[in-house]
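Undergrad: Dumping what TrEMBL says about this protein:
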{"type": "DOMAIN", "residues": "31-90", "note": "domain 'PPIase FKBP-type'"}
{"type": "REPEAT", "residues": "266-299", "note": "repeat 'TPR'"}
Amino acid sequence: MEEEGRKLLEEGIRKKLISPGRGELSSFPDGTKVVFHYRTSLSDGTVLDDSRTMGGRSKPMELILGKKFKLSVWERILITMKQGEVAEFTCDTKHTALYPLVSQSLRNISIGKDPLEGQRHCCGIAQIHSHHSLGHKDLDHLQANPQPLVFAIELLEVLTPGSFQLDMWAMTDKEQLDSVPQIHEKGNALFKEGKIKEAMEKYYNAIACLKNLQMKEHPGDEAWIHLDQMITPLLLNYCQCQLLQGQYYEVIEHCSSLVFKYEDNLKAYYKRGKAHAAVWNEKEARADFAKVVELDPSLEASVNKELKALEERLRSKKQEEKGRYKGLFDINTQPAAATTVSPV
């Protein structure tokens, strides 16, 4: 242990044991899965991230060793820990330069966003030297002012290679691509069972996987277009789930991105029309539904049904507003009661 501590110090890492673990120290071969909670702080104690509270829930981090995780220092410190151990590691700036990018991805994931959202098509070092905002003031400040960080780690579980199923992010590019159709089918099955939130998660995971692969291609190239065509039906399914969840503005945003690229995408116009109708955007809804009929006249009956429902809702809304404001601007014809003021 003393020898390991000395090696860490030479590398610019200071370890403080909080609670010893149990059993023997694992050999941690490549492919080992480690599950751990972490809290990241500045040297003054200011907490940046905590896996127990991030995104309003407690979800431990999972890492596959040997997969070249962007923040390599985490792999370095984890292999010094026993299962169940709690320790603090103060790491020099040379180990923490990429933490703002890692934190941005983890924060995105915790709230259901694309982990790559906001990151440019360039390597991490290029992003570090760019003036691109990460969308979080504390991370922008840290990116502009690299400094040592303190990682408090609780190692929950160590799983040997082959004893667990690989998560999407731990797969090779080919493994990820091959798994997408299976995830798509699972999402469809969950949707048919009425498990909308679970289906959304499957569609989201498949989309995030394909977007990650797409980031490695040049926009407009054959491979990029092929991946984009795989994303489109998944995104439409995701939007259908969002419609059922009442997330109308998100549907408008996603479908707008689709029709911008694919002007003849009938399903995107239809779903966007329904979303516009749900948020009282009558003009936009009518325009989208008209485009649907233009692309496929056989859907005129379905579109008319949607328009009739919209008109009924608009009439009900107008009647409701009329009743709400009735008498509000009427002139009061009753004389005001006289007020008697007693002499002082």
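Each Cβ is built from the backbone N, Cα and C atoms, and glycine gets one as well.
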Undergrad: Restricting to the same chain and to residues at least six past its boundaries, which positions have a Cβ under 8 Å from a Cβ of the repeat 'TPR' (266-299)?
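TA: Sequence-distant neighbours of the repeat 'TPR' (266-299): 236, 239-240, 243, 246, 248-249, 251-252, 255-256, 258-259, 306-307, 309-310, 313-314, 317.
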Undergrad: Looking only at the repeat 'TPR' (266-299), what are its DSSP counts of helix, strand and coil residues?
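TA: Each residue of the repeat 'TPR' (266-299) counted once, the result is 30 helix, 0 strand, 4 coil.
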Undergrad: What average pLDDT is reported by the model for the domain 'PPIase FKBP-type' (31-90)?
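TA: Summing pLDDT over the domain 'PPIase FKBP-type' (31-90) and dividing by its length gives 94.
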Undergrad: For the domain 'PPIase FKBP-type' (31-90), give the DSSP counts of helix residues, strand residues and coil residues.
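TA: Helix (H, G, I), strand (E, B), coil: 10 helix, 23 strand, 27 coil.
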